[in-house]
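K.L.:
What follows is a structure written as structure tokens; I'll ask about it next.
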Amino acid sequence: MTTAAAAAAAARGAGVRAAAVAALWGGGGGTAAGRRPRSGPARPLCTAPGTAPDMKRYLWERYQEAKRSTDELVPSIMSNLLNPDAIFSNNEMSLSDIEIYGFDYDYTLVFYSKHLHTLIFNAARDLLINEHRYPVEIRKYEYDPNFAIRGLHYDVQRAVLMKIDAFHYIQLGTVYRGLSVVPDEEVIEMYEGSHVPLEQMSDFYGKSSHGNTMKQFMDIFSLPEMTLLSCVNEHFLKNNIDYEPVHLYKDVKDSIRDVHIKGIMYRAIEADIEKYICYAEQTRAVLAKLADHGKKMFLITNSPSSFVDKGMRYIVGKDWRDLFDVVIVQAEKPNFFNDKRRPFRKVNEKGVLLWDKIHKLQKGQIYKQGNLYEFLKLTGWRGSRVLYFGDHIYSDLADLTLKHGWRTGAIIPELRSELKIMNTEQYIQTMTWLQTLTGLLEQMQVHRDAESQLVLEEWKKERKEMREMTKSFFNAQFGSLFRTDQNPTYFLRRLSRFADIYMASLSCLLNYDVSHTFYPRRTPLQHELPAWSDRATTSRAPLLQEAQAK
């Protein structure tokens, strides 16, 4: 099946998944506001003429009807699963307009094995002990890959790690001091509610600076940093050691930085490249496809020259530089996109920096540092004909889309695993019933008598338990990268703002023609009917069965 045919078929079927729950409420929005279920009476039946209605019986009948309707919907949803290898669009974009493709290196062109984060954690932990004189007992802590997720916020002064939604509200139950969850009551007392004021949030690049008390961890490399922070906090708390949280944060940050700056990570990877780099021939396939269609390509990375060269030789081949028109290393993003003062320097085959003035960026050469303004002057690659891919929402993408008008693509490796979870019958069954139960609660709250309120309290308790269950589907501590209980996460808010398209890996590009146009789904606003966004004229990402048919 062609890409166009797959997209058309997806458009015909995807509405089932988006509108399934809303169908229970007469085709309206995500909840029951102003509507009633299609089946069943609009008001309670009386047990006998002149007697009061049996509210308990009435409500549980509505509950059972909704339950049956949900069970009937699940099979149709299961037949419209999302494709984990699809590309998803925040902004309409046609690849036919793209003449130049740019790439970050780490977690964009190359992916690393699970061993790398263990290496970073252990090396930074040892630096804390050996150079910052932290207790040797912290060596007993080992890296847990299942503890943290990307996009979390860390309150530097209170030493707590948490998940915040797009509206600056803390998701209760996801606040951790050390390795232990902070009770909701304590969180509410600490923050005088669950909202974090703007002036306390992280700065534009997610950093804690200029009075901001929060740090947002957006980099995939930050996963071991969050875990190390939590482990050292845990040790101090468990042993009643008095410490300054700000100093701890700075020391851990510096130790993680030194693992990179001092070359510890780079040397370890180069010494055992097969252990740390996930070989993927599809990276070369993507680059070759773009080259065959006459596209220009460039690489801008913060990693050093020899490290990038060895990695690219491993995953692409010794001729990898022939595929790129420009290669820039140690660019120091995001400063590369803003600092106009730093000139480019050429790096020779031995890795030596040359002092020649750069008048042209030549194919086959490697350049260090520089800045985007000089890059634009030397190449003329401006505006929306350039598409740049990276994994860091701030350092890679934000300035490019806001200041320079480039199109941007985010690489989100976690997307593939989350979509696979979302395609399971258990998840679909749970989420469909959770949304239906929420709609039922919204509609039936008009019944204020004591008997009805007891039933509604039971439903609320069930809803709370189901919310906790859906969180644990993804991560036991923090849940999904993209959602809190009902809102988008702060991470997704920034992703939606700074990335035109996003995908699990560059290999997803192989599923699309170089002239393909990505159309964002028209997500219904709270006051709009979802049916508007589910008509066959709306283009969707290919569904799983359509991709398999291809």
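In case you wondered, yes, glycine gets a Cβ from its N, Cα and C as well.
Those TrEMBL annotations? Automatic predictions, nothing curated.
Annotation source TrEMBL lists Mg(2+) binding site at Asp104, Asp391. The feature active site, nucleophile is assigned by TrEMBL to Asp104. Taken from TrEMBL, the feature GMP binding site applies to Asp106. What TrEMBL lists as active site, proton donor is Asp106.
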K.L.:
What is the number of other Cβ atoms found within 10 Å of the Cβ of Asp104 (Mg(2+) binding site)?
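P.N.:
By my count, 24.
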K.L.:
Please report the number of other Cβ atoms within 10 Å of the Cβ of the residue listed as 'GMP binding site'.
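P.N.:
The residue listed as 'GMP binding site': 21 neighbouring Cβ atoms within 10 Å.
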K.L.:
Using a 10 Å cut-off, grab the number of neighbouring Cβ atoms around the Cβ of Asp391 (Mg(2+) binding site), all chains included.
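P.N.:
Taking every protein chain into account, the count is 23.
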